[in-house]
Amino acid sequence: MRGLAKLFFLSCSFVSLVSSEKTDESPTAVSDNYMPKATATIDPSVFALSNDFEITDVPTTREYTFDIAKAFASPDGYEREVYVVNNMFPGPVIEANTGDTIIVHVNNHLDEGQSLHWHGLRQLGTAFMDGVPGITQCPIPPGGSFTYNFTVSHQSGTYWWHSHYSNSMADGIWGPLIVHSPNEPLQRGRDYDEDRIVFITDWMHDNSEIIIAALATPEGYKGNIAPPQGDAILINGRGQTNCTATGSSSCFYPPPPEIQVPVNCRVRLRFISATAHPMYRISIDNHPMEVVEADGTAVYGPTVHEISVAPGERYSAIINTNEGKEGDAFWLRTSVALSCMFGAVSQEGLAVVRYTGNGMVSTEEPQTSAWSDLAGVTVPCTGLDQTYTLSPRDSLSAPREPLQSHFFNSERGAFVNVLGNTFQGYGFNNISYQNQIFNPLLSIVQRGGSCENTLVSSRTFPDFGPGNIIINNLDTVIDHPYHLHGNEFQVIGRGTGALSIDNLTNIDFTLDNPVRKDTLWIQGGSWAVLRITADNPGVWALHCHIGWHLTEGKLAVIVVQPSAIGHMESPESWTNLCANTDPNAFGPAKRSSSPSIQSSKTSSFQYLREVKGKVVKRRGAREA
């Protein structure tokens with residue numbers, strides 16, 4: 001490695017902040033040239049949150065314009081085409097307060113549909129803004145635009161946004177979303193002095209479409225039917241690949257990202273896992289980390305040397321920068337959790353944590369060593385909430401009796417599509433998700449229809465009140481991170497094997513202030529019981545957050561208060577996204593332009609031929 005260039009914390013000039021005036025929200029053409037024109041901007045310094053941001057309980061409107069396009073970038077030293085927002089890689093940081101309204105005008109300059117999901121935000125009363133094509137909206141077409149408009153209600157903490165169209169998230173469409181509140185249990189100035197984001201992703205040298213297409217064949221991707229672990233690990237948009245393995249003469253070794261922190265301070269590190277596959281274990285040489293947040297919930301947690309973060313999860317930890325003097329540097333290490341992924345190989349991503357003060361910033365690389373007690377290959381693959389007790393600082397006990405309990409049996413197996421072809425894929429309750437991308441389930445329920453069909457596993461919570469979601473991970477050797485949209489859940493029980501309605505009453509559940517999350521790692525051959533409050537009408541996705549598994553059908557939905565959905569009024573711009581499309585087409589289908597210009601010519605038969613029956617219904621029935 002080379003000496004590190006001096007990095008300065010610059011403001012993000014690529015986010016377009018505009019006045020809160022009414023705009024035309026109908027989808028319109030913005031571009032018909034989909035080839036990359038620019039080199040993406042990679043600036044890790046934008047992940048240092050400024051203490052000048054005003055934390056207040058006075059609501060305001062924060063308005064952005066996001067231009068999604070292609071660009072060239074070499075985030076790990078290997079140049080490839082990437083997807084960018086406002087030419088930034090990763091995309092812009094959104095920072096707001098509880099009660100603020102966030103408006104994001106999205107212009108899609110790609111040659112495929114797109115959507116944005118606001119991971120962890122409940123979308124209370126704004127189910128139409130959740131951003132899942134085929135579930136809560138039609139995709140934003142190539143050359144089209146759409147405006148997301150929602151209020152952040154009763155939430156604060158660490159979140160993120162990302163594409164929910166196929167697995168194009170893995171090509172670069174993601175960024176942090178931080179919500180502050182003067183009433184949150186963790187207060188800047190009292191509990192910590194400085195605030196930094198650590199945005200972690202796996203990174204592939206091939207576009208996601210290439211990988212998805214290969215995984216749908218018997219040969220798999222590069223001879224392996226299992227999804228890849230990544231060619232590199234990126235931290236705040238930068239990493240280092242093995243240039244020898246790439247065979248590229250232009251590959252180079254960029255300096256690792258640098259996280260500058262004042263000496264003798266308490267620094268909050270917000271770890272966001274935007275990975276498409278691996279669980280990562282994170283440590284900082286010489287610095288114990290006090291866990292203080294899990295998925296937006298402030299917690300009392302342990303002080304540890306290493307934190308495990310699964311895809312979609314977020315954890316905050318506080319470190320004390322009193323292990324040296326101004327200019328000293330320490331390695332932040334991010335390693336693949338080898339016991340959590342079949343066939344994984346050792347891989348480490350590095351960042352520099354450097355102490356700053358009033359003098360010049362040193363460029364010397366760290367000479368520090370890793371903790372001697374870091375997890376090895378044989379360490380069980382458990383989530384942080386399994387390994388330690390994480391107690392929410394705002395105490396909330398779970399109701400003793402649920403109104404309803406629904407089972408979701410999750411497994412890989414043989415499925416058959418409508419053409420009669422068999423393939424190996426993923427599903428819930430014997431159904432592998434088949435996405436009618438231009439006929440959103442939310443719209444179907446709004447019109448009085450039902451999601452109970454052979455295209456998606458669906459369960460309904462008709463009334464307001466507590467309910468159980470029981471996930472049985474029947475894949476004995478495959479672990480999965482499960483993410484639930486529109487809801488925060490309490491983890492009231494875990495165990496090995498599988499639960500059924502017969503033995504559910506025999507479990508001693510944790511009801512006294514259990515941890516609250518929205519993404520949960522469940523080991524193969526294990527179960528978890530999630531307690532929700534069915535208070536947010538909508539059709540909400542429940543899916544594996546390994547992006548490659550999601551594209552192979554690992555998605556189900558819960559329908560909350562369908563009668564209330566029938567009285568919800570959808571925005572006109574939302575309805576216009578589905579104009580001139582084929583509701584029987586299966587996604588991710590493409591349109592050549594905005595629906596105001598040209599109607600979709602994609603038929604379900606054409607699409608099924610294209611993907612060779614990748615998403616199908618499973619043979620047989622095996623309901624809980």
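For all residues, glycine too, the Cβ spot is worked out from N, Cα and C.
Recorded disulfide link (Swiss-Prot): Cys578 to Cys138, out of the candidates Cys12, Cys138. Site annotation (Swiss-Prot, ligand Cu cation 3) includes His485, His543; from His164, His180, His205, the additional listed residue is His164.
His119 is the residue from His109, His119, His567 that Swiss-Prot records in the Cu cation 2 site together with His162, His545. Cu cation 4 binds Cys544, His549 as Swiss-Prot records it, and from the list His406, His480 the residue named for this site is His480. In sequence order, Ser410, Tyr426, Ile478, Pro481, Tyr482, His543, His545, Ile546, Leu550, Lys554 are the same-chain residues whose CB sits within 8 A of the CB centroid of His480, Cys544, His549, the residues recorded for Cu cation 4 being left out. Around His549 (Cu cation 4 binding site), the same-chain residues six or more apart in sequence whose CB sits under 8 Å from its CB are Pro227, Tyr426, His480, listed in sequence order.
Using CA atoms as reference points, the binding-site residues His119, His162, His545 were checked against Asn430 (N-linked glycosylation site), and the closest is His545. Cβ neighbour count for His162 (Cu cation 2 binding site) (all protein chains, 10 Å cutoff from its Cβ): 26.
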